[in-house]
Amino acid sequence: MADFVAAIDQGTTSTRCMIFDHDGAEVGRHQLEHEQILPKAGWVEHNPVEIWERTGSVLATALNATKLATTDLAALGITNQRETSLVWNRHTGRPYYNAIVWQDTRTDRIASALDRDGRGDVIRRKAGLPPATYFSGGKLQWLLENVDGLRADAANGDALFGTTDTWVLWNLTGGHRGGVHVTDVTNASRTMLMNLETLDWDDELLGFFDIPRQMLPEIRPSSSPQPYGVTVETGPADGEIPITGILGDQQAAMVGQVCLDVGEAKNTYGTGNFLLLNTGEKIVRSDNGLLTTVCYQFGDSKPVYALEGSIAVTGSAVQWLRDQLGIISGASQSESLARQVDDNGGVYFVPAFSGLFAPYWRSDARGAIVGLSRFNTNAHVARATLEAICYQSRDVVDAMAADSGVPLEVLKVDGGITANDLCMQIQADVLGVDVVKPVVAETTALGAAYAAGLAVGFWEGADDLRANWQEGRRWSPQWSDEQRAEGYAGWQKAVHRTLDWVDVE
């Protein structure tokens, strides 16, 4: 058998290809950013053609840099930013419109209408999700209602819908010359259109959004011994690689962190924060603002479910300090600037740029920096930004404990912000539990590689994956209980100030 497995990680701000060996160690990678298109306040788009070009480039470059051929790869996995939605023509491959990103809030009226007339309760029961701008169903409805000619093409079977996993897979396997139109259960579970029990598109839910079933991809398991397809020889890989794993990015991180047992949880720090708790084969409904979602499904096995707390803006808040405020020139400077002060100086930053996600689900909220006085400096704002990342995670951890009845004992973490030592120390302080980072912090790509490799026998099972996991760093809490309670009370007060800012019809 070939000695390596590759993964494409199509994220919110960049696309990367990573190659792993049997020990789960990285042997090569290449990464490219793509443009964030912001046409109106609250609107966030990506260019699908640019995403595909970046995908092809990172795959080819990673192979060339490691001097590997497609025959050296046992399989290829795909992981992706979830919910981001696009539609393209099956005959030409041309997108009808830019991809509407998961952070985009243009569908707030669609989401609000669903809740007002009672359809929201049906969506919660069947799909495990609250009506929100976050999810794909409303985005697809908006596209069908606002893009000229799309409704007719969808009815004729000429228009295809997908999240970015489906778009990448379709192009890798031939595009308009026979590309495979498939998604996996984890991505489908983020649309408000899939029934969690049947793992299929639900006709009643499709009717709520007036979406033709024929434009939707086939739903398959997250790890499939029968490949979804193979990369075409004329494509960027310059050869055939079986594509056998697909996972939404946060579910991929669960697999990469080897959170395969009931009660295991992880927090991924990226553009947003995403904390997932494995609930096993049981569908657990949340009473505290969390989502019920599919964690993964391997082959013919029963699906494994999870509770999730999704936070819209965390890492992107640091980007905002750089790109909009201009108080840092790079993300790493957020730590050095924040270290110039010992605390937040009474300043709290609630980065509700797209409203608030879990556990609040308030699209009427908007960002605010509160508690400012003439005493405060850029350093206090930087510190408040790092604290906001951690306090939002505390909100979700508390909700998760309320739903599960099990308090968190240790938090596994991964993602880019875990390189920020101060932020991770604050996270331990805010939660009052140890925070643990694995040696391989980019667990999203690793999880996609695991899903693909398990399908072809590159890894035999969960024990192989557990043997690969190694602790890389641990942070223990240093705050007193009084300090922790006082800080969190200030955060909750700040959150309250951001609500009811935008009128949502």
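Note: Cβ is positioned from N, Cα and C throughout, glycine not excepted.
Here Swiss-Prot has Thr12, Arg16, Gly315, Gly416, Asn420 binding ADP, and the candidate from Thr61, Thr268, Thr271, Thr377 in that same listed site is Thr271.
The glycerol site recorded in Swiss-Prot includes Arg82, Glu83, Asp249, Gln250, and the single candidate from Tyr134, Tyr305, Tyr348 that the record places there is Tyr134. Taking the centre of the Cβ atoms of Thr12, Thr13, Ser14, Thr271, Gly315, Gln319, Gly416 as the ATP site, the nearby residues of that chain (Cβ within 8 Å, site residues left out) are Gly11, Gly270, Ser316.
The Cβ of Arg82 (sn-glycerol 3-phosphate binding site) has 28 neighbouring Cβ atoms from other residues within 10 Å, across all protein chains displayed. Listed in sequence order, the binding-site residues from Arg82, Tyr134, Gln250, Asn420 having a Cα within 10 Å of the Cα of Thr12 (ATP binding site) are Arg82.
In this structure the alpha carbons, written CA, of Arg82 (sn-glycerol 3-phosphate binding site) and Gln250 (glycerol binding site) are 8 Å apart. The 10 Å shell around the Cβ of Arg16 (ADP binding site) contains 23 further Cβ atoms across the protein chains shown. Rounded to a whole number, the C-alpha distance linking Asp249 (sn-glycerol 3-phosphate binding site) with Thr13 (ATP binding site) is 13 angstrom.
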